[in-house]
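S.K.: Input: one structure, supplied below.
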Amino acid sequence: MANIEPIRVAVTGAAGQIGYSLLFRIASGDMLGKDQPVILQLLEVTPALKALEGVVMELRDCAFPLLTDIVTSDDPNVAFKDADYALLVGAMPRKAGMERGDLLSANGGIFKPQGEALNKVASRGVKVLVVGNPANTNALIAQQNAPDLDPGQFTAMVRLDHNRAVSQLAEKTGKPVTSIQNLTIWGNHSSTQYPDLSQTTVDGKPALDLVDRNWYETEYIPTVAKRGAAIIAARGASSAASAASAAIDHMHDWALGTADGQWVSMGIPSDGSYGIPEGLIYGFPVKCANGKYEIVQGLDVSDFSRGKMDATAQELQEERDEVRKLGLVK
Ligand SMILES: NC(=O)c1ccc[n+]([C@@H]2O[C@H](COP(=O)([O-])OP(=O)(O)OC[C@H]3O[C@@H](n4cnc5c(N)ncnc54)[C@H](O)[C@@H]3O)[C@@H](O)[C@H]2O)c1
Ligand SMILES: O=C(O)C[C@H](O)C(=O)O
């Protein structure tokens, strides 16, 4: 372990609820491996730096063997300096009664300067995950303001939706989550997302042979798509530990690869696959190896799926138009 160079991981919104779970998981090796030392580079707004100091005290008190150093700052040019991974969490969460897209004008402005700072100071191979909502369009804003980086380095989190979808299906079929494979979240991290079971297997059997079609269309899909709102209604605050866990899963699989033959869902720039307009940051089925992701190609798309996939793409186009008007993307 002593001979492995530490990896720099930047996290924004580090004193927030998600940060409080995420940082400890990164420092314990859950994201990049149990033998990979890390340096945490934490960004917060100036008024939250005091609270962040307390989080840093707690991180130090854990005496994590892999945690080599901690940097804190309210300047993205410091926090993103030479970062190999950047998890952009810092943004306002929605309240009951809001859609995530309602946060666009409040949060969109955060991601332009952060994209510019990543462009200027991050490692040229930085892998970026946007968690702050609306995650897909915020990822687009950061990406468009980082012209010297490859657009594919910017991704958005639909992994929480993916994990929710796996868990709901496991519960319905009475099978363990590990029996479920090849599930996809297409599109936006919003209530238009499409949790698609058409290719999914449970213990090798087609999932749609095991559940009622009416349940799938009228209960399962809306339950997964509206789970974030259900958590806000129950907890009085948006999901945090599960969101952090999904962020760990997303980065872990991107960095270290997906399990043999299996795929996961990631929000990535569309290359036009499956007829999704190029450039939108859209949830796709992907396999990862050697630090790269690749869209799973050649899947059959039914008329039902086509309608759902196009509707969520349409919403992302509308969000893109809105941020264009705000001058946040070209
Ligand atoms: N994509 C997903 O699946 C998913 C899941 C859960 C939550 N979220 C989103 O993640 C975001 C954070 O959620 P939370 O519960 O941790 O919120 P929170 O309010 O507890 O924490 C957000 C933190 O971000 C900080 N912050 C605000 N602007 C910043 C900036 N410009 N730079 C750095 N830090 C900044 C705040 O000071 C605060 O400490 C919200 O937008 C929420 O909706 C996304
Ligand atoms: O729903 C929210 O606003 C928070 C988060 O995006 C979630 O899905 O839990």
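Backbone N, Cα and C atoms are what each Cβ position is placed from, and that goes for glycine too.
Small disclaimer: the values here were computed from a predicted structure and weren't measured.
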S.K.: Which candidate from GLN114, GLN143 does TrEMBL annotate alongside GLY13, ALA14, ALA15, GLY16, GLN17, ILE18, GLY19, ASN107, VAL131, GLY132, ASN133 at the NAD(+) binding site?
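M.R.: Between GLN114, GLN143, TrEMBL records just one in the NAD(+) site with GLY13, ALA14, ALA15, GLY16, GLN17, ILE18, GLY19, ASN107, VAL131, GLY132, ASN133, namely GLN114.
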S.K.: Sorted by position, what residues of the same chain at least six away from GLY13 (NAD(+) binding site) have a C-beta under 8 A from it?
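M.R.: Expected: GLY19, LEU43, GLU44, LEU88, VAL89, GLY90, ALA91, GLY132.
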S.K.: Would you mind checking how many other C-beta atoms are within 10 angstroms of the C-beta on ARG100 (substrate binding site)?
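M.R.: For ARG100 (substrate binding site), the 10 Å Cβ neighbour count is 24.
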S.K.: Note down the number of other Cβ atoms within 10 Å of the Cβ of ASN133 (substrate binding site), including every protein chain shown.
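M.R.: A 10 Å sphere around the Cβ of ASN133 (substrate binding site) contains 27 other Cβ atoms.
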S.K.: Starting from the Cβ of GLN114 (NAD(+) binding site), draw a 10 Å sphere and report how many other Cβ atoms land inside it.
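M.R.: Total other Cβ atoms inside 10 Å, all chains included: 27.
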S.K.: Looking only at GLY13, ALA14, ALA15, GLY16, GLN17, ILE18, GLY19, ASN107, GLN114, VAL131, GLY132, ASN133, the residues listed as binding NAD(+), what is the longest Cα to Cα distance in Å?
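M.R.: The NAD(+)-binding residues span at most 20 Å between Cα atoms.
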